[in-house]
Amino acid sequence: MRTSILSMLALGAAAVSAAPAAAAAPAELVERGSSCTFTSASAAKAGKKSCSSIVLDNIKVPAGETLDLSNLKSGTKVTFKGETTFGYKEWKGPLIRFSGKNIEVNGASGHVINGGGASWWDGKGTNGGKTKPKFFYAHSLDDSTITGLNVKNTPVQGFSVQADNLVLDHITIDNTDGDKTNGGHNTDAFDVGESTYITISNANIKNQDDCLAINSGENIIFTGGTCSGGHGLSIGSVGGRDDNTVKNVTISDSTVSNSDNGIRIKTIYKAKGEVADVTFSNIELSNIAKYGIVIEQDYENGSPTGKPTTGVPITGLTVEKVTGSVKSSGTDVYILCGSGSCSDWTWSGNKVSGGKTSSKCKNVPSGASC
């Protein structure tokens, strides 16, 4: 239904003459009907509402500025072309911002969005050192799609998703340049919060933190992903925010390699919230350094305490066909639950090996194994 609505909007937009664009130098804007090609961030910001189709052509975003595609008119299509780059400045970002309804964002053949992360990387991420800009805010980007983007070297976190009914398909993030000493840190690929009906499919991620982190939200799908170099596929940390519910999530048919963790759920010590009806299915792990499967209810200030609490129950969890290898120095499975706060779990077809068997699991629910 959404596809047909978008098609009707596009046909309607083509029949209507565009409103005059804000003044811009000829080199910065080429406008044909309601189709616009922008070659500067300032021209895009000034003229975006006059266009139903936008091409961002080799834009060099000035230091400390956002490539601002917020509040687009409904039905707008935006294409990244060539290389998009960003000047260096210590600030919080974001480097790119999109919002609107029925928006289509895509990348032309051969394009790259180069975050220039090496200019900021110092091995500390958001925990100190240089102030680093977040990369891409998809906030209030509803009933929309982001497809086929090629991203390189985000300074810290990649896509921040806070939206309703958003599809992100075939997103590539390559942060392998950050694997060096004092390189990238906290380079999460997708951080999802306060969102509903989000689908992330066919992602190809190489980074130094979570491939996926769902902090809150409902009806979320992650499928067909390839994750390497980071911290794996994560729910949480859950708790301590305005929205502390994660519900109806499916993470499936994906691979995690050369990462600290395979799959994990972490909830905040003494916080309140809920993790319900989460499924991990058909996940292949390889060369995992710390934990193949880790579920713990003891996080405080970003680190485990070893003392689980019960304020964020984990119920209706399904872990099935999670298989693969952990390094000998790692742990295959670790489950640390509060008394009675993990229940109604389904655990089947899982085979994680190569690491140690934990002696510290606690309150493991019926059916699960540790």
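The backbone N, Cα and C atoms fix where each Cβ goes, and this holds for glycine too.
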From Asn248, Asn301, the one Swiss-Prot labels N-linked glycosylation site: Asn248
Cys370: disulphide-bonded cysteine as recorded in Swiss-Prot, out of Cys342, Cys361: Cys361
Residue among recorded positions Asp209, Cys211, Cys227, His231 with Cα closest to the Cα of Cys361 (disulfide bond): His231
Subset of recorded positions (His231, Asn248, Cys337) lying within 10 A of Cys211 (disulfide bond), CA to CA, in sequence order: His231
Rounded inter-Cα distance in Å - Cys370 (disulfide bond), Cys337 (disulfide bond): 12
Entry from the disulfide-bonded residues list Cys36, Cys211, Cys227, Cys337, Cys370 having the most other CB atoms no farther than 10 A: Cys211
Disulfide-bonded residues (Cys51, Cys361), the one with most neighbouring Cβ atoms at 10 Å: Cys51
Mapped DSSP class for Cys36 (disulfide bond), helix or strand or coil: strand
DSSP-derived structure type at Cys337 (disulfide bond), helix or strand or else coil: coil
